[in-house]
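Notes to accompany the following structure.
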């Protein structure tokens, strides 16, 4: 029997993989990918909760849709910024973005 | 439905923002300055409406709460937006084109904050939060000619996205353990079901998300970089309004949904407050860039605001509200001065402020008194705010916390006075001229200065409003 | 014994996780992007298992379609140097691994200790109708906000991607 | 309601300040005259109030109440009693003379007088406030103008000194603030309503632990300003760096804020706490007196001598407070007044010398009495006041303090050490004081004429205003002390009655 | 007249501001104001004395009236009052008379000095203070004026402030007196602590019945420190010789006749306190006796005319103190009075010489008697009086002290006293023979002083001759039945003592003549022979050196140490706190690396840490 916890475990795993990607990758786009993974993990959680705990309402699914929308917006702006920076520095590595520090 | 009128402020704001976007396409380039005035006037109008609605209360669509607390913060955002708009006239012109978009984004960010402050439901809270965050990313990167600005934008975006991911994870856990996203209902569920591991974990995650937005240490690290890189008026707006909005939402979530867990989260907030106050103030000392200095100082200010949360009382929330409002004037005052200086000399370095008092008494005075207000020196408004905050935590017997807070605010006096030292004690460089400040900005400066004094000397009306708005969270 | 849905779950879970791992572990960013699409698809499958068909469709459309394409484009536009080493780790990947693992343990433990309280009511017949109702009813405000948000993102993306004229 | 004389005293400088804002910078004389006029109004009103104070009725007089923040029981309420009235007068005298002592100021005159008047407003505010909130508010208002005044117009390591002073004072006031808030919360819980009114707060019964704790906070908070050893270092540095008028106001009045706060918000509200900590205060006061005087003896800069002498003299104030009886406290308040006038005189004269000679190095002087007989005479009189010569105000004050502490019958350290021994040790300071003051007089003013100082002109014209006014004040209250002591006693008696009514407890030692 | 006695100090007190502020530029007027004021006081003092004699005011029944100067209800009453008894009346007369004569003398002596007017102003202030002191009816008031006379002494010693040595001498005098005043003040604080009053008569009434003599003895001993300082008793005598830096009339008035006698006067005023404490009395007696001998031995080797007189003064003051100590207040006061006359005369005479020669070293003088007849003859009369040659004033008063010591069984003190009498006669006549007789030194142009100076000399000379008779044992109802402690008594003449002291005085004069009366190398040979003793005496037993060492090495050393401690340790600690704060800011700043993934890492690490910190409720259990 597949329980809620199974889904949550998948969500958790996905979240942490995404987190690892976001923390450990040099390329800004890869970081964005990691973030997308994290958001997907949240969505799995939301939908699973919706399915197992409160199926009378679709709150979780609605929430997930909003998350997807926001994620899309974030990606759009994020990629635009990456392009902007790339054009200036010919580089999309985050390591090098340290003009602002201390 | 019957109570759509409660949304007047939000609707007007959205209309203004979108209208400006449209206007930007219609108005010829040479005449763009008018857009700035329209934006300012529009904000002023909305502000008037909001003040008129300050006592309104009601719930729209079951999850959107209009109450004095929310309206208080909306007024705050509008004031901040107005000051930012006034402050931006020259600055934006210097940055280049796209003025209409700039003001539109400013206003839409304000909209996001309003949603955030009034949401009684997690989904709209999240969307409001993201509207604000993404708009700010764009605004932070708005100085297209400046590589630092882009860096600020991407730092804010990526870190903001990561923090909202964990925040969202927290929301999902809270949703899972209570079965609802309406804050009031969550509160009821928590009251009946009690604490559970996932709920507490969710609380921690949510706290991390808010801590990021309010720049609580150690979630603060984005802010100095972003503040430094972003266009100065945007930094001002970001540092006051987005922080205030996050605090408003934080209060709603923690006091509305999780009051029964306060024994749990108060400890976390204490830790955050201590770290924030200490680190913010200490690291501000060696700063040489005014924006960075203000960034650290505003980190420290967030720590003081957290004290109000720690106290978990009407007084505490009221103090947070009061402090947030005068913080608008204090911090925006400083940023207005910094903008005026940047417009003339193109520098944000404190050492270049030498002799500013001779070159422009008004700008120097505004900077000085704004900083003193931030430091909590009477008769500036900041003193009263800090007074309430410390009162609130002492009433909870956290005397050590109060001592720490006050001592660290004396450290803050040190670095604020370093700025004062440059402005007043230093001599202006050879051949420097008096600062040219646009009349509109001058008016805004004088008004801001006067308000700082007035709120410090006669704080009663605002105090009453702030305290009354805070009562909501402690009514059975 | 394993029933069909369980089998599907394990399968989808395995694909999703494996693809996700590939996204973060591979050194070629183009490959990463492709595996990302696969992950999104896997997640969409899980949604179906959870009876959220509409959401699965949205997921496929927006994520696997739009977002992934956007990313691939971006990868192409910012490509420079050797594509095989376009997606390397930074210097603190070890710490990142430790933190991620620790968080995983915490999440699993926290969730695992939960006694989830299920609502008694049965699932509504049609998700789609319920979702539509919710969008235009209870969630009208976030819906509008999301619309504004997308507009903002669009404007912003155009502004930023177009770039400004250099400093005067 | 009658004419709000106290508010008028406080607002006269504000009015002057606003007027000065409107005067263009180059009209220096007009600015100075405006400042002098504003402070003169304060002075006249203060004298008037002093004379009109009804001794028979006693207590707080010239009351004025305006509700300010009702929710927190904050009222703008002013009034003076026998303790604060002399200090209001002191402030008025010192600022009035201070304006004249700054008459030779030529650099950034406008800002200078603006800040100076701002500063004095705060000082007046503290002394007239009956509301603890306003008390504290005014207390802090005085600090920042001080920073700028010292930082801009000072000398000798001015930036360092200004920062040091500001931080010391603010850190001190931080403790006081905590104390005030804790007190307020405790009291409003006991009373059932919120109030910051000092008289009302004094009616509350605070439990012993609370008293000890809060009094300690007050001791640190106000002690810094007194300044109590070892928190005193801001004061010599600050004195030295500050421009003349600021030194006058600073040593003359600002330090008194601390002692006043300690009496008003410390002893009056927490008599048992005061009893507990009194021995510590007494011990520290000996350090202040003796150690401060010893250090003054080896200073090379005239202002440092006076700076450390202030540390030493304020030690007597502490001794008076520690004695917790009528004589001692009468003396303490009287000493606050007397020291204020005396030290203002010193700084006015040293400022005069410094302005003309551009140095304050004692070793470089000698025989200045030849060139500057009036300054020398004034300085000598100041010195005599400082060493407690009869006929001058300081003598009366010190005498009362000595009597007060001497008649305090208490045994410390389990009965081994009578309080009296502490007081004897402190009194021994009069010998050291005489030594260093007269040595300075000798080295600076006596001895053969030095031709290199022949260009120095004696004080004359407006420069003599501070000298004459201050000396006259010292003589007036020195020869007719009843004028002062009756007033002070009027304020101290109820306070001591409260202390005596409090539970008898042992001291910290 | 008695009822207006409070006016006596008021005249000169008014003269002071008048001279300083009004008449300073018109010198003759200044002198006139000063003299007129003290003259008026003198007239009133005579009137007071007359009324005291006629109206039966006695020691037991004085006249006292007072008004409150400073009162704190129930706690403290400080009076400004007047207490007139024979003691005060005599003292008033002595002070006003000497002051009057000195002021007249000063007109001549100070003629041409740029500080002429100021000088008269200070003298007036001094007279006022001294008279106030005499009239005081309580300890507080006596202390008040005690300090003021100290101030005047300081001002007048340092009158020639351009001389470094004068300035130093003034400082020394003031500080030394401060030490004494500190003790004095503590003493009457103790009295106040015990009895709750400062008033002499109230104390006199209360003291005899007080039981705790130990405590009282402490108070008395402390009070006695006051006279030790003011009357220059060992070990606080060091200031008086240096005080000779002041103008000579000042030395005559303040440092010989009046102010230094204030200590003795205080002992007389406080006699009831001491009389009840035999131990303290003994202390007083021996301090006095020792000082008398000690100072006399120094005087025999000094060369400076004023210094010789100064040590002589110390020695004589020691006599008076000794008289008090052996219980004979009458003798003490008697000697005070006669001493005031002849010592003032000696100083004025010396002043006349200095005025003429501008030279103070007696060995550079000689043969002055030819040119300065009045000065020298009056000086010799005074010296005879001081040496105790009958029937001059000094003889009677000194004799009474010696007789008192003998009668009361203080044999030791009696021997000391007699020895001192011998030494006194010796050093005075050493001075006279060396300075006034013998050969005239080359280059000296001595001339007699003007009339304003010589007339006071003559008057004082007359007084030095006759004033002794008021207290001579042959006179009935003399001084002893007038100024006394306890019961009036008549002193029986003790012919043995008289005879011995006369012989001793003559022997001293004779020895002086032998050694110094004609050219001789004996003194030099003696000095060579007893070189170490001679050096000890010339250097005044090195007491100044010891004090200087104590002050500079110990006092200033300690002060420097404190200063260093304050600047480095205390300031170091607080600055250190500041530095640590600043430094930690600088270090913490480096955490901000600029790398956004590090920031993210920190955020998530923080989340993990918080979760682990809260592991108990989150992972391991459920909070309540």
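Heads up, residue numbers simply count up from 1 along the chain you see.
A Cβ is built for glycine as well, from the same backbone N, Cα and C atoms used for every other residue.
TrEMBL entries are annotated by machine, without manual review.
Note that the coordinates shown come from a computational prediction; the quantities given were computed from them, not determined experimentally.
When TrEMBL is compared with the stretches B:338-361, B:362-385, the one noted as transmembrane segment is B:362-385. Transmembrane segment is the annotation TrEMBL gives to one range among B:264-286, B:287-309, and that range is B:264-286. Segment contact holds for the transmembrane segment (B:437-458) and the transmembrane segment (B:362-385), given three or more CB pairs below 8 angstroms at sequence separation of 6 or more.
Here the transmembrane segment (B:362-385) touches the transmembrane segment (B:397-417). Their Cβ atoms form 3 or more pairs under 8 Å, with each pair 6 or more residues apart. Using a cut-off of 8 Å between Cβ atoms, the transmembrane segment (B:198-222) and the transmembrane segment (B:234-258) share at least three residue pairs, counting only pairs 6 or more apart in sequence.
Between the transmembrane segment (B:6-27) and the stretches B:72-90, B:102-119, B:234-258, B:397-417, Cβ pairs under 8 Å are most numerous for B:102-119. Counting same-chain residues at least six beyond the ends of the transmembrane segment (B:397-417), those with a Cβ under 8 angstroms from any Cβ of the stretch are 270, 273-274, 277-278, 281-282, 284-285, 287, 293, 297, 300, 303-304, 307, 310-311, 371-372, 374-377, 386, 389-390.
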